[in-house]
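Student: One structure coming up, written as structure tokens, with questions to follow.
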Amino acid sequence: MSRASTPGPEPATPVAALAARLVAVAAVLAVLAWAYKTELLELAALWSRDPNYSHGYLVIPIVGFMFWWLWPRGAEADRLRPCPWGWALLAGLVAVRFALLRGGHYWLEGFTLVPTVGALVLAYGGWRLLWRTWPAVAFLVFMFSVPPTINSQVSLPLQRVASIASAGLMRLLGFWVMDEGNVLVIGGEKLEVAAACNGLAMLMSLAATISAFVILVPMANWKRVALLLSVVPVALLCNILRIAGTAYAYHLLGSKRGQELAHDVAGWLMMPLALVIVLLELAWLSWLVTEDEAAEPVSPTLMTTAGIRPSPPRR
């Protein structure tokens, strides 16, 4: 007489497995938001009051999209395994955060959010997942302001460079300009190049925009490096053009109307101008690529992540 076999548990359907993973991820994100509630509220207040960091509101949605874009699919996703080193790193970060808080290093204490997210990714999917998604983790740095010590050391030199270069540009255009420190004198009107016009705000916003662009758009790695290296000169160029345009408005309309019309309008136009310059740079770099090089897939990793298989070159 054969013994009746006891039916085992039915395997979870793909939808149920996906739902379980989403619930787990949502729970981890909720705990993370609760642990960094004070720091996130302070960052939101910074983004609201300081236009230099208003791009911070877009960082978290962009990071979420990057994780979706870079997340492994298919057989590669099945090979992901949890890593206990992630939990060990997370425990160490909790201790470091407590020490920084006790020592009054509040900026560094809040910045531990970035390695904490990296530790959670490592604990969930191991080194393979962290290697695939590290650009999304690194992009979180654009949530934060420049550290006060670095800001104080960089602000004055940038301010001085912007003043000298703007005065030189106006002279090249045929205007009589004197630069007295950080004050430009043109046509009897004085334009003070304030600390807020040192270009650091443009540098941070442009760096965030270009970083997202090079991560999400398939291109050759050398193009990514070239675009990232151009962040500083493009930001300086746009800031110099902004100050020169404001100085011309002062000369043409007077200090009062010139400040009202030129300063704010120029500030709004700087980011579109910077993006146009970057796109022109990318077009020029693409023009440098020969036909044989263009036939090769430039970034199959990013394309296959989105389910796009690069076609082989035609013979």
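Residue numbering: from 1, along the chain as shown.
Keep in mind that glycine also has a Cβ here, set from the backbone N, Cα and C atoms.
Because TrEMBL annotations are produced automatically, they should be read as predictions rather than curated entries.
These came from TrEMBL, pasted as-is:
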TRANSMEM  12-35  transmembrane segment
TRANSMEM  55-71  transmembrane segment
TRANSMEM  83-100  transmembrane segment
TRANSMEM  106-124  transmembrane segment
TRANSMEM  129-146  transmembrane segment
TRANSMEM  199-220  transmembrane segment
TRANSMEM  226-253  transmembrane segment
TRANSMEM  265-287  transmembrane segment
Student: Do the transmembrane segment (55-71) and the transmembrane segment (129-146) share at least 3 Cβ pairs closer than 8 Å, excluding pairs fewer than 6 residues apart in sequence?
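Tutor: As far as Cβ distances go (cut-off 8 Å, pairs 6 or more apart), the transmembrane segment (55-71) and the transmembrane segment (129-146) touch.
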Student: Under 8 angstroms, Cβ to Cβ: which one of 83-100, 106-124, 129-146, 199-220, 265-287 has the largest number of such pairs with the transmembrane segment (226-253)?
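Tutor: Per the Cβ count, the answer is 265-287.
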Student: Hey, which bits of the same chain come close to the transmembrane segment (265-287), Cβ under 8 Å, at least six residues off its ends?
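Tutor: Non-local partners: 202, 205-206, 209-210, 213, 219, 223, 226-227, 230, 234-235, 237-239, 241-242, 245-246.
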